[in-house]
Structure formats: structure tokens, C-alpha cells
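Comments concern the structure below.
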């Protein structure tokens, strides 16, 4: 029982490390200028190290000192967690365009006629370019280590418990473990929600030097803090494993067999193959959902990163847990046959489809952004961008403001604003004398920050529907596992589960986030430029983003059905 407790704790903290990345992915994109395709690849890269080793590990599992192996794996995972936060410490402070001179920048992004190119476009030193490669390299290495370290943890832990627990208690213990595993991502998103409220350079600059609030589109939260917390937890959970015995008093164990023979025997089994394919579809959906759902909520409903994580950690993930528990309870209560199990899976997925379809229509277009989604020339007769010609704005300035005409501008300069009102703490109250914002023949003013999408009224129905759809989809989790475990030969059981996990990794968890990330990238309408390469996306076409992101999700749900 102590082993089960330790293992639950370890799996929880291991999942904290791997899921925390997903909660801070939009922040890391913004901080280091990554496209969603790159961040998707990064998020799924831990599966690479994992997949290469998992089959052999589950095959040789019974011959080694399992607890010690688990302990070593955990230490690797903890190292990977610390490595993930390293980029924060090897790069300089986060820089952003601003209107009020401060200690690390005496430039301003206001309109200053007559001054040639005031904001430097020269931020592209060879050092800046190589620094970015170093950051990516460190993170990819950390992800591979995370995958490799995670290999022995799950299969060895499960087989160790199954070997030495009595037949009667084993399902209970595995159920406890499983619930820990499901809580993990929820805790990770809550941790993300807490950490992203702090400013990224909390350790490098003092609070009053930071002119951003966490609602500002330029805000970057302290993404690295969560990795330190999670990695320390893993290190703590690893300690007891070095003190467990190699074997406990036990019942029977399975005999070694021919590797290829078992593989073929299972893959030729139609029920096994179909159920695994359905699970591949569901897993691909979950992979995309977990990686980019927070980013989607941020863009579609103009939420802060912290709030988006809170919603996922407190609503969506617990919903999925409820679904898994309810599915298991129905199975136990009605002692279902295999045919009833499959009927239950089909029914759950069908209802999920009915609820997920309306989600495609719950949203609204990107706000009007001058020169990006909208050009004024059509309405006012005079050419839109003539109003800021004398300002000599640098192309890449990014400090969004919302004009009194409800149109967003990418920077005060592009709106032709020549003056700024600030309060005692040096933060901007509003911009005035803006030649591009005309209202009743007067020069308009603007407030700092984005105008937002104006979608907040759809946020609640969206969350409720997506949570219900998630509950329904996850009721099929336990019955689909039962279909696999009861339809194959008992002595192949642990091997079949190993193969199943490997297929899920190769076909769903690895390509899933990359596929979703690429789809999201196709909907970008304004890229940040760093050293003449595309960096992070500034603005998406929200309708396309929603249709492609949720459309992919719907596609996989239909596939599973």
C-alpha cells in the first residue's frame, strides 16, 4: 500500500512536469517567438524518447530491479524539469515595445514626426539569433530526457503492483493510480494559472519597473517557476524507490515468450485492432485539446493566460475525470458483456458529437485591427495609412492600443498618437492627439491594450458545452479498456497493453500536437518578425482558427465513433 501511495505521488508529479508545458505554451511562444507548429513539436517531443524504449522495457520488465529502475527514471524526469526552466536563466530580460522611457529602453513608440526611424529595428544581432537556437535546443533535449525518464515509471509500477497485490485488490490499486494520473494534468493547469500571474522577470527586475498588467497582450508570465516546483516534487517522490525490495511475496507471474509472435497475434485480432484505432482517434483529439485549448480560449474570448488555464484545470479536466468514473461505475453496476461495452462506447461518442457540433459556431471574428484585418480607406475616402506617414513607424512595433473608434492599432505610432498621459506609477492611462483616430472631426484618443473580440457572452455556453461533450466522450474510456483486456489471451495481457500504448504514442500523441499546431499556424494573419524569420503570431483570423481547430477535433471524434 505504501508502494501504491508513492507511485501515485510519482505519477502525479511526473505528469505535472509534462502537462505544465502545455499550460504555459502560449506564453513560451510569445517569449521566444515560436510558431504553433514548433511549440506543438516541442510539446510532443517527450513521446519520442519514450516510444523508442517502451516496448523493450515492458518486455524485459520482469527481470530487473523494478523499483530502482523507477527511481532512476524519476531522477531523469526531475533533471528534465530543471532543464526546461534553464532558458529563462541563460537569456536576458524580456523586451517589449513601450511608450514611456524606462531603465532598459529610452525609445518610445509614439508618433514623432521628423525623427527618422526612432524605434530601432536593429535588435537582430548575431547573438540574438543564436540565443534563440540555444533556447530551443535546451528545451528539446529536456523533452527527450523527460520521455526517457518516464519510460520505466508506468509499466514497471503497474506490473510491480499487479504482481504482488492479491487478485482482489489489484483493480482497486490500479484504479487509485489511475485517478492520480488523471488529476495530474488538472493540477498542472492550476499551477500554470497561478504562476502566469507573476511577471516573467520577477527575479531580474523590480515590480515598479514593469509597466505591464497581466491583461496586456505583451504580458509574459513566469512560465519557468512552475517547472522548478514540479521538478522538485519529482525529485522528492523518487527517494523512496531506492528502498523498496526487488520482489515482494507474490502470486504467479507470466512467462517470457516470443516477441514477434505475440505482436502479430495481437495485431491480427480484429476487436483489439478496432478498439486501439478508436482510442488513437480519441487520443489525437485529446492531444490537440490539451496542448492548444488554453491558447484557443485566450484568443477567441480575450482571456488572460492565467484564466484560460484555470478554466481547463478546474472545469474541463475534472469533467473528463467524472466521465471516466461514471463509465467505470456503470460497467461494474450492470456487469456488462463485451457487446454491451461496445454499445456504451458508441452511445457515449454519439452524444459527444451532438454536443460538440454547435461549438463550431460559438465564437466571433477577430476585432478590427487597422492595416491587419481592416482598412479604413473604404469608409473615409482618404487613404488609411496616410495619417501616420510622417511618423516613420517601424514595421515591427507591437504595443496594441484600442482607439475611441473601437478599432485596434498595432502600436501608438501606427495610430499617429503624439502624446501620452501617464499616472504616478509610470503606467499609461491613455494616448491622445491620434491623427488616425478621427471622431466628429476631432483627433481621437486611445486606451492601452487590445480591444478584445467582444465574445465574452459566448464564453459560458462554450465552456458548459465543451465540458459536457468531454464527460460523454470519456465515459467510453473504461469500457474500451475492458474490450481489449477481455478479448485477448490472458498471458498476452501486459504485452498487449504495452503495444497499445506504443501505438497510441506513435499514431496520436506524437503527431497530434504538430498537426494541430500546423493547422493553427495557417490561420495567422500577422506574424512577429525576428531576424527576418517568422516568430510568434500576433493576430489570428479567429473564425478560421475556430473552424480549423475545432473542426480537427470534430473529425477525430467522428473517427472514434
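Quick reminder: no glycine exception, Cβ is built from N, Cα and C everywhere.
Those TrEMBL annotations? Automatic predictions, nothing curated.
Now, the feature entries from TrEMBL:
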DOMAIN    1-561  domain 'Major facilitator superfamily (MFS) profile'
TRANSMEM  42-62  transmembrane segment
TRANSMEM  69-90  transmembrane segment
TRANSMEM  135-160  transmembrane segment
TRANSMEM  172-200  transmembrane segment
TRANSMEM  220-244  transmembrane segment
TRANSMEM  271-294  transmembrane segment
TRANSMEM  306-331  transmembrane segment
TRANSMEM  343-363  transmembrane segment
DOMAIN    381-435  domain 'Kazal-like'
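Helix, strand and coil residue tallies for the domain 'Kazal-like' (381-435), in that order: 8 helix, 19 strand, 28 coil [DSSP].
Here the transmembrane segment (69-90) lies next to the transmembrane segment (220-244) in space: the count of CB pairs under 8 Å, restricted to residues six or more apart, reaches at least 3. Recorded stretches compared: 172-200, 220-244, 271-294, 306-331; the one with the most Cβ pairs under 8 Å to the transmembrane segment (343-363) is 306-331. Same-chain neighbours of the transmembrane segment (271-294): 19, 22-23, 25-26, 36, 39-40, 43-44, 185, 189, 192, 305, 308-309, 312, 316, 338, 345, 473, 476, 480, 483-484, 487-488, 496, 500, 503-504, 507-509, 511-513, 515-517, 520, 549, 552-553, 556-557, 559-560, counting only residues six or more beyond its ends whose CB sits under 8 Å from a CB of the stretch.
Nonlocal intrachain contacts for the transmembrane segment (172-200), taken as residues 6+ away from its ends with a CB within less than 8 angstroms of a stretch CB, comprise 4, 7-9, 11-16, 19-20, 22-24, 27, 31, 88, 94, 157-158, 161-162, 165, 207, 210, 212, 214, 219-226, 229-230, 290, 294, 304-307, 309-310, 312-314, 317-318, 320-321, 324-325, 328. In this model, the domain 'Kazal-like' (381-435) carries an average pLDDT of 79.
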